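The following features are taken from TrEMBL:
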DOMAIN    2-46  domain 'DSL'
DISULFID  4-13  disulfide bond
DOMAIN    14-47  domain 'EGF-like'
DISULFID  17-29  disulfide bond
DISULFID  37-46  disulfide bond
DOMAIN    91-135  domain 'DSL'
DISULFID  93-102  disulfide bond
DOMAIN    98-136  domain 'EGF-like'
DISULFID  102-112  disulfide bond
DISULFID  106-118  disulfide bond
DISULFID  126-135  disulfide bond
C-alpha cells in the first residue's frame with residue numbers, strides 16, 4: 001500500500017501537513033507538505049483573503065471601486081483606505097481633513113476655535129452664539145466671554 005496516513009505526505013510519508021491545522025481549513029496539503037489554498041484564500045496557512053475577495057469566509061468578491069468607494073483597495077476581508085480616507089468602506093475623511101478627496105485641511109478645534117464644525121469645503125459652520133470665519137466672535141445679540149452666551 002503506497003498511501004500515507006492522514007496528515008502525512010511525501011515519498012516516504014515524512015512530510016506532515018494537516019489541512020485543518022496547517023492550511024486553516026482553507027486549502028489542501030500538497031505532496032510537498034505545503035498548502036494549496038482554495039479560491040479566495042492566500043498566504044502562509046491560507047489565512048488571508050486573496051486580492052479581490054473579502055468577508056470572514058473570503059467568499060465575497062471585493063471591488064475597490066464598489067466596496068471601497070474608489071478610495072482604497074481590497075485586502076484581508078475589508079478595505080485598506082488610501083491616505084486621508086477612513087471608515088470600513090473608505091467613505092469618510094480622517095480627522096482634520098474634509099472634501100470629496102479628503103484633501104482639505106480643517107481641524108474644528110483649531111480652525112473653528114472649537115466653536116464650530118468643519119464643512120465639506122473646509123469652512124467653519126459655527127455653533128449657536130458664535131460667528132466669523134473661525135467662529136471666534138460672538139453673534140451680535142450675544143456678549144462677552146468665551147461662551148458667547150451671556
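Cβ coordinates come from backbone N, Cα and C, glycine included.
Features as recorded by TrEMBL, highlighted on the structure.
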| residue | record | contacts (Cβ under 8 Å, 6+ apart) |
| --- | --- | --- |
| 37 | disulfide bond | 23, 26, 27, 43, 46, 50 |
| 93 | disulfide bond | 84, 85, 86, 99, 102 |
| 106 | disulfide bond | 96, 97, 98, 112, 118, 119, 122, 123, 124 |
| 135 | disulfide bond | 112, 113, 115, 116, 124, 126, 127 |
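Shown are the disulfide-bonded residues 102, 118; the one with the most C-beta atoms within 10 angstroms of its own C-beta is 118.
The DSSP secondary structure for residue 126 (disulfide bond) is strand.
Sparsest Cβ environment among the disulfide-bonded residues 29, 46 (other Cβ atoms counted within 10 Å): 29.
Set side by side, the disulfide-bonded residues 17, 112, 126 differ in how many other CB atoms lie within 10 angstroms of their CB, and the most is found at 112.
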